[in-house]
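> Copied straight from TrEMBL:
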- 5-70: domain 'DUF1899' (DOMAIN)
- 79-121: repeat 'WD' (REPEAT)
- 129-171: repeat 'WD' (REPEAT)
- 401-467: region 'Disordered' (REGION)
- 416-427: compositional bias 'Polar residues' (COMPBIAS)
- 432-442: compositional bias 'Low complexity' (COMPBIAS)
- 455-467: compositional bias 'Basic and acidic residues' (COMPBIAS)
- 529-551: transmembrane segment (TRANSMEM)
- 601-694: region 'Disordered' (REGION)
- 601-617: compositional bias 'Acidic residues' (COMPBIAS)
- 625-636: compositional bias 'Acidic residues' (COMPBIAS)
- 647-659: compositional bias 'Low complexity' (COMPBIAS)
Amino acid sequence: MSFRRGVVRQSKFRHVFAQAWKAEHCIDDVRVSRVTWDTSLCAVNPKFIAVIIESGGGGAFLVVPINKSGRIDQSCPTVCGHAAPVLDIQWSPHDDNIIASASEDCTVKVWQIPDGGLTSPMTEAIVTLEGHSKRVGILAWHPTAFNILLTAGCDNVICVWNVGTGELVYQLSDAHPDLIYSVSWNKDGSAVCTVCKDKALRVIDPRRNVVLKVKEKVHDGTRPMRAVFLSDGKILTTGFSRMSERQLALWDMKDLSEPMAVQEMDTSNGVLLPFYDPDTNMVYLCGKGDCTIRYFEVTDESPYVHFLSLFSSKEPQRGAGFLSKRGVDVNKCEIARFYKLHERKVEPISMTVPRKSDLFQGDLYPDTASMEPALLADEWIAGQDAPPLLVSLSGGYTTHPSKHRDILRSKPKLASQDSGTGATPPSTGHVAAPTATPACATKETEEEAPQPRVAMRDTDGNSERPKREDDLLNELLAEMKALRAVVLAQSQRIELLERQLARIEDGDDTVCEVDGMDHSKPKDDHPKYNVTVLVLCFCLLGLIFLLIFLYKMLNREAEGEYTIRRMVYKEGGVRDRVRGAALALGTRLGVRLWPHSDTDEYGEEIQDEEGQVEEGADSQGSDSDGGDQGDEEDCGETMGGGDNTSHEISSSEGSEAGEQTGLMDQAEVNEEAGEKEEKVVKGGGKGEASGGPGLLIDLKQFSGSAIWSEEEGGEGHYKDVTAL
């Protein structure tokens, strides 16, 4: 077993396969942006797909419903409120209608997309965040706290915003000496990990502005790197080696001295963008300009990072959007979905685990992060941390309308003030003293009048909680009604199937039940087959008439050459060929296959050669009297070469008959044959009268030369006449 464990690793994700959707489900004619910034250029949630596109006179991105497919018209409305190209877009994890965008115009804007998509171009954002001095290229929403957004720009500054109030909560300006490549929150949002152009990996607490961990030269290459926090606290990074080989490394935050695992892949120039799924602990790597998507599984067993497989296509990818687990199809065992950006197309790609059962697979879909935030913005600012609230995917997940539209523009609500602990506002103790930020001055002015904010918290909290409970209760009731309807429908269907099965077992297999009604049909009543038989009969009759017509037309033009009688009885026809074959076969087998005589087409009698010879032999044996005299006459006529005189041969001399050979024409042969036939008849009569042997031979069929042999029989009669 140990040997088997070392060869084949047991994993339920070992056979995950990727499959691109058909062309009719893709989104066509999308002008994907050509900005050189290394970002995914796409953001997806269970409701919408957002893609950064090319636009003139500013920056814009396209937002369409997730079930949209086909060609995108050029007049389709877009979000176009930036004055410069958009570099990054991210959907809020707690509201599927809220999206943030970062641009080269040094601003970050937050947009609220209406349900159903845009109906007109959107130019006015609900919140505009201004605090960077250079272009902003990185956005990261807090995973558990509502309305907390982190931004990073080319000014090497990280800002943390409260989007609900538009305030800059924290600003980290001294942590990075160079350009920031990537920022990622950990599971509960208490820390972030960053990679910088100085090749260093940093773990930072943004609320205290403290760098917790630093690892120099995570990857030796100079190309951009990426880092992502895993759910168990480890950090996965992608970068380049000294020889420009793309690498994947896993780090333990407790000890950053050496990586836990390092894998080298290839020497391509595209930056690897990691997408992490905390539910399955899988990492997907998409390289810009690549034609492949690699996926790995991270485990606690060495070598910790296990390569599973890759998806390969013909066209390179400009970017990719990763759909959250709430949007996958659990009925098809889909564990992840990508939206691959081509030059003019968006192509969905599904990652599926092959399973035979159609039931919900609980091992593939553990409880995932829900839309409900675990903390409010002020609670996180006050120092609280909490893991994300989880929701079950059993039965699928349904999207809901935006619930926090009013909260988005409201003031922060602090749990410490609501509980009456007397805690001071968070602005007095959560921004590091060495860092002078604009947020400090703003918060100092707000400290002068804290009581109105506390009162507002109390009133809003008392009115909000019953409303939220009512919404949850209504949702539960709606789900229960839907489930009850499904159960009733399935029970009726099962009852109908059982009834039909019982009738089939009884032998009445012609009963069909549709919509609860019986539609009985006779077993022999098949109107479809009857119509088919009638059509075939009509076709056959038509074919017969056509053949008769063609037969008559052919004989009319050929003057009766191809009539059936002519083809059978003409010389060399069917009759002659059959007779010749029968005679040949009868001669070989020694039996008679053709009749003794037959009549040809002119009415002439045709006799078989063997039959004639047998008749002549019988006449010789039967004629005892006068047969010798007939033989003498026949022999005389034959030896005379056509004369009518007969030669008398003395029986006493015992001399044998001479042989004579003559050549004659066909006409002479026929004439002699006629004369001989008459004398044979006379001799036969004489032989019969005298009781001697008689000779009846038809020599009409012989032509050419003939040799006659005569042998003297007893008492002066000739015994044999042989034709050679």
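Heads up, the Cβ atoms here are built off N, Cα and C, so glycines get one too.
These figures come from a predicted structure and were not determined experimentally.
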> Could you break down the residues of the domain 'DUF1899' (5-70) into DSSP helix, strand and coil, giving a count for each?
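In the domain 'DUF1899' (5-70), the DSSP-based counts are 6 helix, 24 strand, 36 coil.
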> Average the pLDDT scores across the repeat 'WD' (129-171) and report the rounded value.
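Averaged over the repeat 'WD' (129-171), the predicted model reaches a pLDDT of 94.
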> Could you put numbers on the helix, strand and coil content of the repeat 'WD' (79-121), residue by residue per DSSP?
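Secondary-structure breakdown of the repeat 'WD' (79-121): 0 helix, 26 strand, 17 coil.
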